[in-house]
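Following: one structure in structure tokens, then a few remarks.
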Number of protein chains: 4
Amino acid sequence: MACSRYEYVKGYEQDDRILPNVWIVIRIDGKKFHKFANTHKFEKPNDENALHVMNVAGIGVMQEFRDIVLGYGQSDEYSFVFRKDTDAFKRRAAKLLTYVTSLFSTSYVMSWPKWMQQPLAYAPCFDGRIILYPSDENLRDYLSWRQADVHVNNLYNTAFWKLVLESGLSNQQAEQRLRGTLSADKNELLYQQFGINYNNMPAMYRKGTILLRKRVLQFGQDEQDKGRQAIVPLHEDLIGAEFWRKHPEILGKYVPGKQQLLDEKSLPKLLEQQLTDHMEEKARIS
Amino acid sequence: MACSRYEYVKGYEQDDRILPNVWIVIRIDGKKFHKFANTHKFEKPNDENALHVMNVAGIGVMQEFRDIVLGYGQSDEYSFVFRKDTDAFKRRAAKLLTYVTSLFSTSYVMSWPKWMQQPLAYAPCFDGRIILYPSDENLRDYLSWRQADVHVNNLYNTAFWKLVLESGLSNQQAEQRLRGTLSADKNELLYQQFGINYNNMPAMYRKGTILLRKRVLQFGQDEQDKGRQAIVPLHEDLIGAEFWRKHPEILGKYVPGKQQLLDEKSLPKLLEQQLTDHMEEKARIS
Amino acid sequence: MACSRYEYVKGYEQDDRILPNVWIVIRIDGKKFHKFANTHKFEKPNDENALHVMNVAGIGVMQEFRDIVLGYGQSDEYSFVFRKDTDAFKRRAAKLLTYVTSLFSTSYVMSWPKWMQQPLAYAPCFDGRIILYPSDENLRDYLSWRQADVHVNNLYNTAFWKLVLESGLSNQQAEQRLRGTLSADKNELLYQQFGINYNNMPAMYRKGTILLRKRVLQFGQDEQDKGRQAIVPLHEDLIGAEFWRKHPEILGKYVPGKQQLLDEKSLPKLLEQQLTDHMEEKARIS
Amino acid sequence: MACSRYEYVKGYEQDDRILPNVWIVIRIDGKKFHKFANTHKFEKPNDENALHVMNVAGIGVMQEFRDIVLGYGQSDEYSFVFRKDTDAFKRRAAKLLTYVTSLFSTSYVMSWPKWMQQPLAYAPCFDGRIILYPSDENLRDYLSWRQADVHVNNLYNTAFWKLVLESGLSNQQAEQRLRGTLSADKNELLYQQFGINYNNMPAMYRKGTILLRKRVLQFGQDEQDKGRQAIVPLHEDLIGAEFWRKHPEILGKYVPGKQQLLDEKSLPKLLEQQLTDHMEEKARIS
């Protein structure tokens, strides 16, 4: 059939396999989310429910792509770390990049109504990029960079919106007030003027959300049981060494089923939601 | 702040600008859509409404990215052609690829409920790839390849499902019956056994859907008016020369506002829907 | 044997096939040739013999790689154009790039003693790069860019060195004298002050050297004979349309043995040398 | 001037910076060196002088490019290892690749007459490739792979040429005799039939040549002196751990001037030659 006459065009596709033995990070960013947040009236400086939508989308990605060992979300961005020795999709860059971006995007839209009152006014859009890190140190520095970023931005935004929403300053006045201030100054301002101890604010706002694979023991199970695997959201400091000591499976050789055990009682609410959803979905499909 | 200590990791992002002066094709494919179609009980061999969801998603992408001159959809795939001299996103491959893939994905999910009875059982996922074609002939051959593909597949599927659904053959029996047959044989089988003239079947099934930018005259406007721009779905043969004579703006130097005029009376239904939706959406945002 | 344990490292080599159907240009540049020229006391502003060494190296490259349709040399650089549809070395970028760079380099060193009095003081070094041009117009513009470059530089250098060598200006004074002058001014200066009509200077200096594949008729042969193939050096204007009309085989579909016939009487000296060398070399090997 | 009209073509050059923090290996291979060796009547199975030409070319490359920490040569190939954190030529792949390939090529031709009786019959040609290794282990495995390769080949070739040159077998007969034999068999054959203890053959043939940067103490200098830097050829086993313990500077953080001291008395002959050449060359240039 005439197909064959045209099939030579397949030869124009180019191989894009990623170098073996490097950490593959895929970072998703919202396109024009400033406008998107305004259109959908996100709370300032943080909209808890909008962050849940992001986190649920992140969990959806990690449930599908088993070689992602860590997710990290903050604001309108999410990073996913594939283990160094993954051979998922033969390490083809475009496949990995678009699957993750697409599934994050559709999961975002689908989980939106569970958390948000207002319907989506238009289709949101995310870009994705791949960054490769050869060493464990590089990878830790990347994640530290993103978590330092959320700290800087959130401290600023918290002070800014307090000044605007509670002290009645205009945006411009608040900007001027904060220009040139250091972290210590902003902490002091929040404490003196608004009685807020910044370190007591929700960890999700200050630290972002780390997604890890853990085994979760359910009521009645003990350590001998394998538990069930879950994607667990944490809001911890990942810059210091403590985090990496507590979660050695991230950088370690991948051993299926060997992730740390967590007790179901200690689970955060989002995880419970996730478990429930998962069961409902299974029921729906079958 | 400590940010700067980690910022060196930004230097690991690699430049991925696309060679100038080549056609950029982005093709989106559904991930495991065979299973997806079964789960959502798509009609066989073609589910008209499911194809509309694809087309509406394709239209959404072209409304957002103005440098796409043509879209082409069939089955669970969609191709988008950026004009040769586009400088959108500085021709950065990952940006172009992920924006298109993400917006297609979210648009698909958002338009689903307008056309489909059954709710989405789970988040669909698409992959995307970039293919570069240096010459106009290469580009035409690419599109011909995709349209020849839909012809081959659809003729086969039409015969197959007639045998299964109307003649009561098992899948295996139908497969055996069709093994080794030529196009002429399948045409004959459809005509003799089921009284079907294949060429009279809906053009969308036989030819796929071509999306073009056209100006549309509304009631009362004449050729002097600029009309309004719309993304128009067509189901024509694009392999022959006639199509390219009729739509010279695709390969020609891009001249804004110079697309062919269409008369609103000649518009297909999907386009009307698109126009209506667009106005509703505008009303909703403002 | 233990080989196999390590052989996985071969998998780290990455595919670098060049997009089909684009012009492949490889440009070689001398590394620090300013110093190299001084060390070897090149004549200023042009050392005819040093240019011959470059040209002979260029001819050596084209004799070996049959899919190069044109070479263009000026100063310490040489460009080679592979025909659009070459499949040499499966279009692998590194293979093409390094073979051409290496053979140019070794040919340069080997032909040095035939043209230069002074022995090589140290090993010269060249870098190479690949540039892809999708359209014929792009390719012509590339070559025009290089030829316009030689014109600008040579006119400047001719005036500069006249001022230094004949009028006794210091380098700095000559530079100052020429600062801000247009081409017309420099032409005028050469004419008024040194009685030189720039257009009568050797074409090789003003136009660079174009290498083309031609069939050459030898004494006694007529047009019915195939002649023998040779790489012919020309010093013509290639910016205007005339050049491309005269040598249609460059951009045309490649037809082996169909290159233009040249009469041996019209051959430049370098070509004669090339033919003689070639026969001597053949005699030497066999 | 008209230059500017064409200068847009510069924009078609593509960025090719190498990912930071990975080992950059460049391997040079002779093109059709089987034929080249026959034309120049290389001794079988190893031509000591031809290997010296290779080694001197390798030394020339390392003298010029200071960020190469190790060279490894065997047969008609040479590998060069750039330290992980090199920023030479901004890590641009084509620059690194072609400079190394070109300088190796010209050095090869220039040192040829010092070692070989027969003049070069034609210009030799080498290809080069870049391979990236993220971890130290990968790099060691790469070098082990090349050294295991020389062992396998040299043992075979030694046995093969003994059978041909001393036992009077035809090439085909020798091939047949060795088909299916293991290393132990070939060792035994050499010992029984030719009285050769393979392990006593020259280390350069069995292990290839490793080039390292070392400080060399000259007569009368003691450890307090800095000595002079030299590229030292070694013929050691690099597969085992011992080599890496003895030469920690290869994988270690680069500290200029901190390479291991060697005593001039222990220097191999090639190194002496290199030191002498270097001084002659310096004298020639100045």
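Cβ atoms here come from the backbone N, Cα and C positions, even for glycine.
Quick look at what TrEMBL lists:
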type    : residues                                                               : note
DOMAIN  : C:6-134                                                                : domain 'tRNAHis guanylyltransferase catalytic'
BINDING : C:Asp29, C:Gly30, C:Lys31, C:Lys32, C:Phe33, C:His34, C:Ser75, C:Asp76 : GTP binding site
BINDING : C:Asp29, C:Asp76                                                       : Mg(2+) 2 binding site
BINDING : C:Asp29, C:Gly30, C:Asp76                                              : Mg(2+) 1 binding site
DOMAIN  : C:137-224                                                              : domain 'Thg1 C-terminal'
Which of the binding-site residues C:Phe33, C:Ser75, C:Asp76 sit near chain D? With a CB under 8 A, the answer is none
Residues sitting within 8 A of the centre of the C:Asp29, C:Gly30, C:Lys31, C:Lys32, C:Phe33, C:His34, C:Ser75, C:Asp76 CB atoms (GTP site), not counting those, run C:Phe36, C:Ala37, C:Glu77, C:Phe126
Residues near C:His34 (GTP binding site) by Cβ (under 8 Å) yet at least 6 apart in sequence within the same chain, in sequence order, are none
Across the domain 'tRNAHis guanylyltransferase catalytic' (C:6-134), the model's average pLDDT, rounded to a whole number, is 96
Within 10 Å, the Cβ with the most other Cβ atoms among the binding-site residues C:Lys31, C:Lys32 is that of C:Lys31
In the three-state DSSP scheme, C:Gly30 (GTP binding site) belongs to strand
In chain order, residues whose C-beta lies under 8 angstroms from the C-beta of C:Ser75 (GTP binding site), counting only those at least six residues away in the same chain, are C:Phe33, C:Val150, C:Asn153
Its residues classified by DSSP, the domain 'tRNAHis guanylyltransferase catalytic' (C:6-134) shows 58 helix, 31 strand, 40 coil
Ordered by sequence, the long-range same-chain Cβ contacts of C:Gly30 (GTP binding site) under 8 Å (at least 6 apart) are C:Phe36, C:Asp76, C:Glu77, C:Pro124, C:Cys125, C:Phe126
Counting other CB atoms within 10 Å of each candidate's CB, the least crowded of the binding-site residues C:Asp29, C:Asp76 is C:Asp29
